[in-house]
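TrEMBL lists 169-204 with the feature repeat 'WD'. Among the features that TrEMBL reports, domain 'Lethal giant larvae homologue 2' is placed at 213-320. Positions annotated as region 'Disordered' by TrEMBL: 492-531, 610-651. Per TrEMBL, the feature compositional bias 'Basic and acidic residues' maps to 642-651.
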Amino acid sequence: FDPVQKILAVGTQTGALRLFGRPGVECYCQHDSGAAVIQLQFLINEGALVSALADDTLHLWNLRQKRPAILHSLKFCRERVTFCHLPFQSKWLYVGTERGNIHIVNVESFTLSGYVIMWNKAIELSSKSHPGPVVHISDNPMDEGKLLIGFESGTVVLWDLKSKKADYRYTYDEAIHSVAWHHEGKQFICSHSDGTLTIWNVRSPAKPIQTITPHGKQLKDGKKPEPCKPILKVEFKTTRSGEPFIILSGGLSYDTVGRRPCLTVMHGKSTAVLEMDYSIVDFLTLCETPYPNDFQEPYAVVVLLEKDLVLIDLAQNGYPIFENPYPLTIHESPVTCCEYFADCPVDLIPALYSVGARQKRQGYSKKEWPINGGNWGLGVQSYPEIIITGHADGSVKFWDASAITLQVLYKLKTSKVFEKSRNKDERPNTDIVDEDPYAIQIISWCPESRMLCIAGVSAHVIIYRFSKQEVITEVIPMLEVRLLYEINDVESPEGEQAPPLPTPVGGSTPQPIPPQSHPSTSSSSSDGLRDNVPCLKVKNSPLKQSPGYQTELVIQLVWVGGEPPQQITSLAVNSSYGLVVFGNCNGIAMVDYLQKAVLLNLGTIELYGSNDPYRREPRSPRKSRQPSGAGLCDISEGTVVPEDRCKSPTS
């Protein structure tokens, strides 16, 4: 993080570099080798960045041009790079290696200076064995000439650059993962593989002044607490007005099986454990001052997770997170369908943005997103573009795609109109879909009238109207439709197994069932088969609808004679006529959403007409391709569907 420019850099496993500034300012670069980025260091306020890669190369990026580019590169051939450190406003970059040596690189010319701190000189006789790779390098905040070097085995050395010798050596019998200074330069803290933190006085190397096990159970009779998992990283940040912050990742006790990854914030006597959704890759504390020798005044912690970026507000009680404005992943819930609209009306994006900005989000920090560097460039497109994504959890997101990056404008939760089933026993009707009963399959949208229509996996269609006023809907308007055409039973030809759905094979004329347009309760037919029941239950309590998209009508296909309704395969809305039409493999229905009435209900077989020279089964010309997680067609095992039967009718 560059604390002056307020820009965050993130490196990836595949050698990519992502730079984040204020919302909407984002830049993506790529190292040609594709090797993982192991460390990043800004030249603070200079518009430059050093990256260290897993293939032992160092690169200097120039960020001052429109497309960032690499100015210099340096490859280590004989040694593996493990840690780099660039002091504030310094021209010397310290590079630690797996062999325990430290090389010093001149950042301006990006060449080796020739000064090398050899591991055996650093530890001398303090240890008989090799101290392991360099895991930490930092300069004393009060004296740039003193370098603190941490070796994996547990040895720490304070090296005097001028006299080329070690001032002090600190040894501890647990491996070290990270080290951090107190800003006054008189104390430092180490994190270890047994879940302990040790705090050392610079001038008393014999033993630590304090040993803390943040998550260890304190045993009676003064025994050492039980060992915990390694503390992978620790930061030590001071404030003028109170106690310092000690922030760490890892260190949980071994008996917390199944516990989610945690970040621990220790402040004075309080310890807060913040659970994360994914494993923690790295974290940084954002501070008011870039100067290492002053009170740092930490205000936030940015945590890089395996699949997310989380920013924690340290200044507010309870440490709430900031709402993330970057669309790091569009698959917050997996995307199940997607639509693209170009050249939308000019007032559309501002209208969606204004209702999206008002969506109250509970539990987030009240402050503005603190990573706010950089300036917006103008997008390449001169016309507004919108992408709409439908998701597995029933949410629909509107994205502004006109700029360089996608920006979320507005999010709609379609599942709000349905009763949530509390437990397995209460889910009699959603059993056509095991998981994600609200997943969106088709979106039909009219950008001019702003009418939106979605079809979901549980054979439901919802029509939405855009409104800037909040309303409370006392009764959610709903329609239930039977889409099934029965055919009299006839022996199936040549003993071939008939397709189980929608109807037995036969050439006799279909008997249409009149559409049910009244909301029916869970009536069962006489032989105990489920009948006239929709897959989801619409809420019967009043629904508060915020400004934005509000439910106009819910249409559901119902069970017929013990068979669940087939999934909807096509959908269209026409707002100038107030019509929505949808179809599945059984037929097609047209609904007037203003009058809330079914106008047309046709079986697939009726669409063929009487002049058709071929006798056909009422099957959809589409092959029954099922989206994941929706085993709807239930073609029984052993059913063979001949190829020619799946082909479209000849015109």
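Cβ coordinates come from backbone N, Cα and C, glycine included.
Please treat TrEMBL annotations as automatic predictions, because they have not gone through curation.
Helix, strand and coil counts from DSSP across the repeat 'WD' (169-204) read 0 helix, 20 strand, 16 coil. DSSP places the residues of the domain 'Lethal giant larvae homologue 2' (213-320) in helix, strand and coil in these numbers: 0 helix, 48 strand, 60 coil. Summed and averaged per residue, pLDDT over the repeat 'WD' (169-204) gives 96.
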